[in-house]
Amino acid sequence: MRNSSTITTFIILGLTNDPQLQILVFISLFVTYMLSIIGNMTIISLILVDSHLKTAMYFFLQNFSFLEIIFTTACVPQYLHILSTGNRTITVKACFTQIFFIVLFAATEFFLLAVMSYDRYVAICKPLHYVTIMNSKVCKILILCCWVSGLLIILPPLGFTLQLEFCDSVIDHFFCDAFPILKNSCSDTWFIEQVVIACAVVTFIMTLVCVVLSYVSIIRMVLKLPSAEQRKKAFSTCSSHMIVVSISYGSCIFMYVKPSAKDAMTINKAISVLAISIAPLLNPFIYTLRNKQVKQSFNDIIKRIVFVLKKK
């Protein structure tokens, strides 16, 4: 029998209670958020307008940038609102809505990273068949599969959590996260916690296996290339994706490998800031600074804008 509950709102504790630090946090998060939106929108726009960036790799990159935008938007604006108004309350429904979208976007990103790894495998290991294998229809189906997989991962734990009643209202985080919310439940949440962990592990392991298998095959193929120049060129096409994969999976590993229970929440908050705010900011720079085609496209667009302005 479930305990009755009168809890209709949660209180978000945030990153700090120090007023001066809150100002610094607000400015930092606002700047990184705006730069990440501008950076990812720039990549999306470049791929839309440049005919040279119409391959499968850039199609996936465009979708990845879109995911980064909506992922960081699901978390950061809400906390900026809390910092600016001082109102730390959020309704239970709004909190669960935020969790739904955060987990959906995060899980979809992991599946997309696996798909992008497969794309790089086909490009390097099967170059003559790349256009045939990674055609437009296949790319769209793979993107759809990423979203469906993300949705299927979130539905079971969310369905169980929605049945809970709550006796406490404090969330020791700067956004609605699963485990801080489960701590507020009146009833035993052991089973739900195991479901949450199982879904997270399945997502993590499935996608990581795909990434590892793809890059093992890529490395074996590249090492067989006769010249150092060919090997360097092959690795350079994967370098940006490898860096993004390292950041994404690295942050997940650190969230689950904690030095002690006392420091667990502090580390979770720090890694969450990296995953939600810093990573979406870094990714556009990683792809543009390490990709000659994207840099060339960006330079061409700037030259066109300058030329048009000069004519006026």
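Note that Cβ sites are derived from N, Cα and C of the backbone, with glycine treated the same way.
Residues or ranges marked as transmembrane segment in TrEMBL: 23-49 (among others).
Residues or ranges marked as domain 'G-protein coupled receptors family 1 profile' by TrEMBL: 39-287. For the domain 'G-protein coupled receptors family 1 profile' (39-287), the model's pLDDT averages out at 88.
Residues of the same chain lying 6 or more positions beyond the ends of the transmembrane segment (56-79) and with a Cβ under 8 Å from any Cβ of it are 12, 14, 29, 33, 36-37, 40-41, 43-44, 47-48, 90, 98, 101-102, 105-106, 108-109, 112-113, 115-116, 119-120, 123, 130, 134-136, 138-139, 142-143, 174-175, 244, 276-277, 279-280, 283-284, 287. The feature transmembrane segment is assigned by TrEMBL to 56-79 (among others).
Positions annotated as transmembrane segment by TrEMBL: 99-118 (among others). Remote same-chain partners of the transmembrane segment (99-118), defined as residues 6 or more beyond its termini with a Cβ less than 8 Å from a stretch Cβ, comprise 57, 60-61, 63-64, 67-68, 70-71, 74-75, 142-143, 145-147, 149-151, 153-154, 158, 175-178, 181, 203-204, 206-208, 210-211, 214-215, 241, 244-245, 248, 275.
Positions annotated as transmembrane segment by TrEMBL: 138-155 (among others). Away from its own ends, the transmembrane segment (138-155) comes close to residues 56, 59-60, 63, 100, 103-108, 111-112, 115, 199, 202-203 of its chain (Cβ-Cβ under 8 Å, at least six residues beyond either end).
Residues 107, 110-111, 113-114, 117-118, 120-121, 124-125, 149, 153-154, 156-157, 160, 178-179, 182, 231, 234-235, 238, 242, 245, 249, 252 of the same chain lie 6 or more positions beyond the ends of the transmembrane segment (195-223) yet place their CB under 8 Å from a CB of it. Here TrEMBL flags 195-223 (among others) as transmembrane segment.
For the transmembrane segment (235-257), the residues of the chain that approach it from at least six positions outside its boundaries are 64, 109-110, 113, 116-117, 120, 123-124, 204, 208, 211, 215, 218, 222, 267-268, 271-272, 274-275, 279, 282-283, 286-287, 290-291, judged by C-beta separation under 8 angstroms. Annotation comment: TrEMBL describes 235-257 (among others) as transmembrane segment.
Tertiary proximity for the transmembrane segment (269-289) is limited to same-chain residues at least six positions away from its ends with a CB under 8 Å from its CB atoms, namely 15, 29, 32-33, 35-36, 39-40, 42-43, 61, 64-65, 68-69, 71-72, 75-76, 106, 173-175, 177, 240, 243-244, 247-248, 251-252, 254-255, 295, 298. Under the heading transmembrane segment, TrEMBL lists 269-289 (among others).
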